[in-house]
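Enquirer: This is the structure I have questions about; it appears just below.
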Amino acid sequence: MCGIVGYVGSQSALEVVMAGLKRLEYRGYDSAGVAVPADGGLAAAKKAGKLVNLEKELTERPLPTGTTGIGHTRWATHGGPTDANAHPHLDNAGRVAVVHNGIIENFAVLRAELAERGHELFSETDTEVVAHLLAEEFSVTADLAEAMRLVCRRLDGAFTLVAVHADEPDVVVGARRNSPLVVGVGEGEAFLASDVAAFIAHTRSAIELGQDQVVELRRDGVTVTGFDGSPADVRSYHVDWDASAAEKGGYDYFMLKEIAEQPKAVADTLLGRIDAAGSLTLDEVRISASELREVDKVVIVACGTAFHAGLIAKYAIEHWTRIPCEVELASEFRYRDPILDSRSLVIAISQSGETMDTLMALRHAREQGSKVLAICNTNGSTIPRESDAVLYTHAGPEVAVASTKAFLTQLVACYLVALYLGQVRGTKWGDEISAVIRDLARISGSVERVLETMEPVRELARSLAGKDTVLFLGRHVGYPVALEGALKLKELAYMHAEGFAAGELKHGPIALIEDDLPVVVVVPSPRGRSVLHDKIVSNIQEIRARGARTIVIAEEGDEAVVPYADHLVRVPVTPTLLQPLVATVPLQVFACELATARGNEVDQPRNLAKSVTVE
Ligand code: M6R
C-alpha cells in the first residue's frame, strides 16, 4: 500500500530516491519521507500530505548530500497521516532509519516490551518498533543485515522493510514477507523498490525477492539470504518496458494515457498466443492438458475492477466450456469455507499481483489441493509466483489508481483461458476458436474507433458535474460493465453511483428513478441474442417513462434504441460476449471527465491506493 525506495551508489541518493518516490506516489500519497546517512550521522525529513510537501521541506531545509538513502510514500494504516506518523522512523539515538509497507500485527506487544526497556516511541504507527528493535540488535551485531534478520524473525504480519544505519553508511538492507520488494542492479549501484517503475530510469536489470528474504545492497553487489541467514536462490529478470512507459507522455493524467493505450494493450495481450496451425498456445499455463480435462469447476477470485473482469469471464467460460464457474470477491472467499478440491481450477485475477485478499484466497485454494492460474500484469509479483501457472496481460505499467487498460487486458486473458479450456476439453471446435480469435483481433481497432468518438461523452460528463447520483444498468455481460462504470465514477468523481442488473429494476431499484436522474444503459447487440436486446429496450422505456435521463451505449446500427435515448453513445458492432471490451471504454472516459470537471485528482483519488497490500 505504500511506496518504498532504497539506493546505494555514487549518485545523489536524495535525487534518486525522490524521483523514485514520484513514480511510486500512486501507491500511497498521504505523507512521505526520506533518510540519508551522511557526515557520520543520519539525516531525515518527512511531511504529511503529498510528495510536493516533502519537496518543499527539502528546499527550505536541505539535507546533507549522501550516496545512500531510503524513501517512503505512505497510505496510512496505523495512525493518521501526520508528520509524526510519516516514515522513516528512527530509533532514539537517531542512528537507524526504517521505512515499511504492510502491517506488523504484534507491534503492540513489541512496543510494550520496548517501553519496559526504556525506549521512547513517538508515533502511532506499527513501524516505529522496528527502528528500535534494529537499533538494539545492531548494538550487538554491528551488522545491519544480521540485525534485520533477527528482527524479522520476531515480527508477525506482512511487511516490506528497508533500513539504513549511520554506522554502515554504504549499505541499504531490505526484508520482504508478503509485500512487494524488487531489487534493481546497475553499474556500481543498486536499488530497492516496491515496483520497478522507481528505478527503471537507471536499470532494467531486476531481481525478484522471495518470501522471508533479507537483501543487503552495496555498490559492488547484492546479497540475499533467508531470515535464518541461509543463502537464497534468486531469479533475475530483464524489465521489458522502459522509462517512457512510466511517464505521462504529454497527457494531463496517467489515466488518460492509459485509456489511450488500450488498443495496443489489447493487441499486445493477444500476441504470440496462436501457433502456425491456428491453435491457442498458452505456454505460461503450466497446468497440463490432462489436468485441465479433469477440472469440474472453475472459481474466479479477485477484487474491484479485476472482480468485474471475472464476472464477465464467467459468461465466456460457461458458454464455451460448459464447466460451472463461480466468481467471488477474494475478501469474502476464504472466510466462508469454500468447497474446493483437486478438480477445481481457481483463477486469481490481479493487475498488481500483490493484492493481499487475492493472495490469501489463492493460498487457501492451494491448501485445498486446487490448481491456481493467475492472470496478472506485473512480472515477478507475488500472486503469479505463488500460483501453479500464470497468463500475463501485456498492458504495460498502469499508474493511475483507477484501472483501465489492465481491465481490458484481463478480459482478453480471460477469453483466452476460456477458449483454451474449450480447446483442451474439446467443447469448442478449432474453427470456432479461430473465429473468436479473429473477433478478438479486431477489438483493438474497435477500441481505437470508440476513442476517436469520445468528445460528446466528455461534453455530457461536464454537463453532469453538478449531479449527485448516476445509475448504470446492464444485462448479461453488460451487467458487470455497469458495475465497472459505477465503480469508476465512485472512485474518481466521488459521486453516488450504482450498477444494477436491468432485470432487477422492478424488484426495487426503479424506486430511485426521479426526474432528470442520469441512467447509463449498456445495450447488448441486437444480433444473435436479440431477446436480451429487446428486454433492455423495454427497461429503457420503463425508466424514461419515470423521468430518467437515459444515456444509452448501443451498437452502431441499433435503431431500436434511438427513440428512447436522451444521449446515444455508439460502439462498433461486436459479438455480445466480447462487447465489454468496447462498451467499457466510454464509461472510463465519462468518469475521468466528470472527475476533472468536479476538480478531483484523477490519478490519485482520495483515500485510495493503487495496490491494496493489506487485508
Ligand atoms: O491489482 P489488482 O488488480 O489486484 O487490484 C484490484 C483492485 O484493487 C483494483 O482493481 C481497484 O478496484 C481499482 N482501483 C479500480 O479502478
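Positions of Cβ are set from backbone N, Cα and C atoms, glycine also.
Take a look at what TrEMBL says about it:
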- 2-220: domain 'Glutamine amidotransferase type-2' (DOMAIN)
- Cys2: active site, nucleophile (ACT_SITE)
- 288-427: domain 'SIS' (DOMAIN)
- 460-605: domain 'SIS' (DOMAIN)
- Lys610: active site, for Fru-6P isomerization activity (ACT_SITE)
Enquirer: Provide the three-state DSSP residue tally for the domain 'SIS' (288-427): helix first, then strand, then coil.
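Expert: Looking at the domain 'SIS' (288-427) with DSSP, the answer is 69 helix, 28 strand, 43 coil.
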Enquirer: Among the active-site residues listed here (Cys2, Lys610), identify the one with the smallest other-Cβ count within 10 Å.
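Expert: Lowest Cβ count within 10 Å among the active-site residues (Cys2, Lys610) is Lys610.
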Enquirer: I want to verify one value. Collapsing DSSP to three states, which class is Lys610 (active site, for Fru-6P isomerization activity)?
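Expert: Where Lys610 (active site, for Fru-6P isomerization activity) sits, the three-state DSSP reduction gives coil.
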Enquirer: Cα-Cα, whole number of Å: the residue listed as 'active site, for Fru-6P isomerization activity' versus Cys2 (active site, nucleophile)?
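Expert: Given the Cα positions, the residue listed as 'active site, for Fru-6P isomerization activity' is 9 Å from Cys2 (active site, nucleophile).
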